[in-house]
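Asks: Pulled these from TrEMBL:
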- A:529-560: coiled coil (COILED)
- A:176-188: compositional bias 'Basic and acidic residues' (COMPBIAS)
- A:237-262: compositional bias 'Basic and acidic residues' (COMPBIAS)
- A:482-660: domain 'U-box' (DOMAIN)
- A:167-270: region 'Disordered' (REGION)
- A:284-303: region 'Disordered' (REGION)
- A:396-438: repeat 'ARM' (REPEAT)
- A:617-659: repeat 'ARM' (REPEAT)
- A:742-784: repeat 'ARM' (REPEAT)
């Protein structure tokens, strides 16, 4: 409007001028000026139109924002949010998730955000911006679309406003977040966030207007490929990334339960890794529905009609009767269909391809008990096929089955639970079961002690209570692979019920029960509950069962629970170590062997347990497992040996049994978990000089050293830790270290890592390397001093300790003391004295003592209040600390006296 | 009917009926006489429910719709074939109908499905019973083709001795393999829901009622 007015007035003035001035040349000039002016305005108008479009949000940008935030959400203090979720899973083809009648208002989607420090926020993302709405009504209900707060320009701004914790953590994450955003933007420029965001929007829109034609054709191709509905290039890229990462996690998962239960070096950390991996999985599944298509092999549809087997036609006919028949005909057709070989893929797919799944699921919604039973009997069988599972979920079969769990007919409950057990093998299904209250209902099935008002004469379609509980446990087993479901099972009071069922002696019942517990034991809360419910003793008891599968699940469950020290003691006290050790002798069943070695590994973290294992000759058996075993077994066996070798007796046994050779041989592997464990075991062996000789002889140190180049930080760290005793105990260690070409440079460069564990381990290695003067000179040349100095500003006590040790060692060369001072290592070291860890105190005091030999450093220390802190430490019971602190103070004091003296003379 | 006679009747029926207790038998007798109406019993005249009255009950109380099946159920109850269900036939019939064991129910259902009572369910009988079970599709040339096919399917499933008709042995074997086939040719037993309702209504404990 304003423009138009301006335009009008300017034209008027120009016309004025023209009428006043009759000069023909001037007239032409004026005309040109007029035309130029018009062109100008035209261009401005156009661009304004574009820009005004751009300021609005679009589904693509909203989606990107939400997905990014998701990636940084979860439990723990470091994340920006506890959770962020869409209210609706369904995404329309235009990228919106709001129902169509709200889309008219420009609303894109609704998200439920749970910040760390506030109630759950229900937020509307619309084209105009982002605002709080009236919230979601409790009972599964509608969203109150009414706007309840200010409009913010985007989600991040809103959340910064609403949650202090979010904005705090956000600024910490900023770097990463920006990085991610940058990556997503595929714009390499370093523009600040907002500008870049604007740019991104602009670029999308300009493409939209300028390349409209192209866009349309692109859109079409996207549609046909069922790709992201968003018009954003990046989202497609992103989706691909997601897909690949998803595939990775999938692979990890499909690698088998074994791999899943494989923890890494430090107990608890594996937990973390696994948990976060799972979280990522969850997130990915929540965000991109289309990438799930990749999880399973793609459908291979029947190719040509000519090749269709006869079953296909027969099944087609039966489905026709199912559709057009009354109850009687339906039951006959169902019974007849059941007679086909439903385990065969042709039949499974035939039922689906002729539209049988829809009918079968529809039947579940009728009142006819017989039809429901017949339908479930078929669904139960064909849902063993992964494609059929997906189809059943796509057709909304799970909510219907979950409803049937309430049925008064026990056999129906059983069948529904069994079918759920088969269907719920992937994330979308787990979520569907949970969202529809299935977990609570399944847990209720476990409760078979309740005296039910049974009629004197049991009905025709009734099952035993035990059978119901069995089916419930089967379904829970399937569902318990997702974190949220584990939590739901716990909240529904599943643990005491499982504990009670565990007391039975029926193997059929025990297997799903133990398996569910085993899945759930990955969660801390479960492990606590398992301890409280005295489940361990029953697990131990069932280790001695005859059933191999049951033994395997029990061992895996013990492995999971033995992260906890008390539990490890319980396993010992309940006599669980002997059956574990004796199961090692049977090496045929690899799954069970992996589970058993896993349990032994975790149990051997307690020293008392190692003593027992030695008694039961488990170490010998474990050494025997170091060759010709699958990786799952190797990882656990080596892990167990690593723990056993922490004791001198264990080391001797391993050496005498010839365990060192196979261990060193395993150093050339590629499996990350295995490498972590092998390096730890080799490191533990190297503590004993005799074993060290063998390791040296086998060139084990060189192998360890080359693992410092491994891409995985935990392998690097573990290798660096293992190198420490090697350097300590090797003969001519200095010479040996020098013989590794480029080895010292490699170690020094690892100080640039950003992994605290790697840094600590490398500092420890450097401490040992620096014991040799010549090597110290070399690493000084490689710039170890500035790198170490840079690390001094840390709050990680482990790193502080080893760093201080490394610094005090490195002070022994040349002008390194001065150099440390120059690189500002002194002040942070003084601050580290305030740590609560005495190890840090000792190491730091020693480092300061070394540094105090230089006058400038003394001044820095004094300025930073070191004297007061050190004085306190002189009174410590730790003699080394006393000495170092006193030495340092005396150096500072001496300097002060000297200055005073100088002043007086 | 006087009290003493009723007591005697209840006792004798209870003795011969294993699925109902005395109280339940009493309730059923009361119900029977309520249904029959106040007809004084005379020598030679049978007091009971005729075909129509019984079919009405089946329809209203147990939701049955198939005329033929209802007729057959009536025949199943009417042991002496006199076109009238007496009080003892009523109680015995219901005992199987509501609470029969699988064996009893199989016998009962087979009798219902064996339309001509020759001990076999023939193809023709099946066709007869199933003829309304499929939605007629106008497009189809022979509207009965689907039914015939359904009969074939049933035979394939149940006719173990391959003689083209179902003997009781065939039927029994099939039902034992798959209980769903008990009522293969039409619902002739109460569905669980209406059964529950019926029992709840009829077997109301008078004491309980009084307390309220």
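Yeah, the Cβs are placed from backbone N, Cα and C, and that goes for glycine too.
For the listed features, I'd like the structural context: burial, neighbours, distances.
Replies: When pLDDT values are averaged over the coiled coil (A:529-560), the model yields 87.
Sequence-distant contacts of the repeat 'ARM' (A:742-784) (same chain, at least 6 residues past either end, Cβ-Cβ under 8 Å): 705, 708-709, 713-714, 716-721, 723-724, 727-728, 733-734, 790-791, 794, 796, 798-799, 801-803, 805-806, 809-810, 812-814, 816.
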Asks: Kindly report the helix/strand/coil residue split of the repeat 'ARM' (A:396-438) according to DSSP, in that order.
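Replies: Residue counts for the repeat 'ARM' (A:396-438) by secondary structure: 32 helix, 0 strand, 11 coil.
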Asks: Tally of helix, strand and coil residues over the repeat 'ARM' (A:617-659) according to DSSP?
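Replies: Counts, helix then strand then coil: 30 helix, 0 strand, 13 coil.
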